[in-house]
Amino acid sequence: PFNPETVYALLAMLISFFVLLASARKENSDEGISFNFTNFTRGDQGVTLLGQANIMANGILALTNHTNPTWNTGRALYSKPVPIWDSATGNVASFVTSFSFVVQEIKGAIPADGIVFFLAPEARIPDNSAGGQLGIVNANKAYNPFVGVEFDTYSNNWDPKSAHIGIDASSLISLRTVKWNKVSGSLVKVSIIYDSLSKTLSVVVTHENGQISTIAQVVDLKAVLGEKVRVGFTAATTTGRELYDIHAWSFTSTLVTATSSTSKNMNIASYA
């Protein structure tokens, strides 16, 4: 059925993206990062794997162990730090990332806990971050700097009462959420745009059945993160468990600096 709110949200995201692209073309940038993994290869130096994360023979990046996914925490990151803002100018990067993933439930197990695309100061998995902490938050620390988009499959006491997509900043109590009608085993395609001019993080999620979910939130990256961040995915389980597999991932950022001499354009990848 026609949903005017969804159409409006998509148009707003497209307008935001083209404004972002026009701005990037007008100015010089030499601090952009761009990569595109249409699949993954074992031993690829472009990806750092931590915890139970592994690359399977079929080119899929598994964040949990397919043989024994109980009490798993897996993290996969782009291997190099990504400049996200510049102290000399105060400028903040804009970026776009697209990825596709599958969540596979396990017969007889409670489906939990979820997967997060994130930007964070460090590569390592935080201590005390199993299960509902999604491998991103140390439950014993009052402050955990990160920005992320979570795909949460289990309702903890701080969560909405169903599976959901959320935008997070330094807390798993999401700034904004939308219900996620997850279908086990189906491919989910995600595009995320951060527009530094409006400080808006926008997300479009397309499901295999054609359903589209959108969510957006103002997030000040400079207020949360240092000048360089690590970018990637994290997933965690306990006795409640699922399989979390990344099929493809692209990322492009543009950061204007005082000494820039070249320009990098941004693009949204699509996956068949």
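Keep in mind that glycine also has a Cβ here, set from the backbone N, Cα and C atoms.
Copied over from Swiss-Prot, here are the features:
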- 1-29: signal peptide (SIGNAL)
- Asn36: N-linked glycosylation site (CARBOHYD)
- Asn39: N-linked glycosylation site (CARBOHYD)
- Asn65: N-linked glycosylation site (CARBOHYD)
- Glu150, Asp152, Asp159, His164: Mn(2+) binding site (BINDING)
- Asp152, Tyr154, Asn156, Asp159: Ca(2+) binding site (BINDING)
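A map of Swiss-Prot features onto the structure.
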residue : record                      : Cβ contacts under 8 Å, 6 or more apart
Asn39   : N-linked glycosylation site : Gly59, Ile60, His247, Ala248
Asn65   : N-linked glycosylation site : Gln52, Asn54, Asn72, Gly74
Glu150  : Mn(2+) binding site         : Gly114, Ile115, Val116, Leu134, His164, Ile165, Gly166, Ile167, Asp168, Leu172, Ser174
Asp152  : Mn(2+) binding site         : Asp113, Gly114, Leu134, Asp159, Ala163, His164, Ile165, Gly166, Trp180
Tyr154  : Ca(2+) binding site         : Ile110, Pro111, Ala112, Asp113, Gly114, Gly132, Ala163, Gly240
Asn156  : Ca(2+) binding site         : Gly132, Leu172
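For the recorded Mn(2+) site, residues Glu150, Asp152, Asp159, His164 set the reference point as the centre of their Cβ atoms, and the other residues of that chain within 8 Å of it by Cβ are Gly114, Phe151, Thr153, Ser155, Pro160, Ala163, Ile165, Gly166, Leu172, Ser174, Thr177, Trp180. Every protein chain considered, the tally of other Cβ atoms within 10 Å of the Cβ of His164 (Mn(2+) binding site) stands at 22. Glu150 (Mn(2+) binding site) falls within a strand when secondary structure is assigned with DSSP.
Just so you know, of the recorded positions Asn36, Asp159, the Cβ with the fewest other Cβ atoms around it within 10 Å is the one at Asn36.
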